[in-house]
């Protein structure tokens, strides 16, 4: 029997509609190629070669949707060993793609390549990628934009457009030479010469011709700004003159909307804000990034500036740009108010699954120290440590040592608490021994264990903010405070309902932060201060999370092209 042509067309149309409907569109594979190359660049009225990806600073933006698989081939064309970390990506069972050199992989050697392969499981929002070896992330970094699944809206009004804002630091000198010289002398390197907004500092005193980034907007429209702090060593305030910002997401997790005129963002963190263009269209407005530093140390005090202007409206030449009222660098109250105002959205669609019981209760002191060094300038070397352990980087990647059971690479006896408790935040007598022990010590966790870590800042040598990043997991910041953590009183004030969920958290100078997470990701996972100088000095450790039951709770085998040491 012949089927009518009209019937065939109808069936075909319905089939196409079915395939294209949001409930049936499957995740896709996204392919990228990163060529790591040297690029000659001129900034601050001076030129130098820098390491870049595909010749770009900042590097290319990765765009994908929740549950997509991302394949990124990284080809190393420079003289340095290279590795790339996909900061904040959960890497469920795919630790081989996490990227920190000598932790989850050996670095990609010159003229070699490696295919990073991971799936963006259950994540949406803004993350970022960066080099995770030496100080290469000064110029090797870029954004990761994870869109919601097709047909799934934002939990806030859809913005007219989205803009990515990458904040960074810039040195006129060669950054690798700078840190190598400082390491040789046992001291801190010079602070950066300027900050940048999307690669531009704006005019500065010794280079007034330096251009700034332009942010064009249309009157009455709402924009989402995806802000990333890619700076090596400095927390930053971000402001736009004459405009309010509404925070709707941090570290790729939705938050309760919070309106503010000042955003605080630490190295490693991301923050999405809504900006409504509702100011006087006949003016230009200053966009600014400036340092937050409430410790008595030298820092880069050059403010990076950009300009917001309204499309289709002429600005009179007699009108000056409206300037932003910037916080003082040591504006601790401004910084603290911002941090304490952040809350998880905790909706039916996006619940805050805070662990209410704790299997492993850890107390980590974080701070600086000084170890003897006869060849150093002052006879000692500045170091840093957790529970007085300065982490020693291995020569074999820890994940390989764990997976293949290679002995003598690490031990799993990282201390759960300080061996010698003291008054952590009181001024330290100069006669007190500031030396640390060294070692490649990991803390072992069983699969699915619930973990609480109290990160306690110390006044040893100096007390300053420490933004801590945990690879492989998100965590909830359930509490924070000044002074020494009180195990009897402080837990009673923990927020176990809607605490902010992050992958990088600040530990305040002279205070503490409490975080909780579930160890539901087998592998070896780095935890470190995201101030690059402190990571260099040893303010880092790692967790080894054992496999659970069955293949779905076990680390996948390593890929065939995993780099060799």
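For all residues, glycine too, the Cβ spot is worked out from N, Cα and C.
Database features (TrEMBL):
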SIGNAL    1-27  signal peptide
DOMAIN    36-149  domain 'Plastocyanin-like'
DOMAIN    162-312  domain 'Plastocyanin-like'
DOMAIN    414-548  domain 'Plastocyanin-like'
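When DSSP labels each residue, the domain 'Plastocyanin-like' (414-548) comes out as 10 helix, 58 strand, 67 coil, counted as helix, strand and coil in that order.
When DSSP labels each residue, the domain 'Plastocyanin-like' (36-149) comes out as 6 helix, 58 strand, 50 coil, counted as helix, strand and coil in that order.
On the 0 to 100 pLDDT scale, the domain 'Plastocyanin-like' (36-149) averages 98 in the predicted structure.
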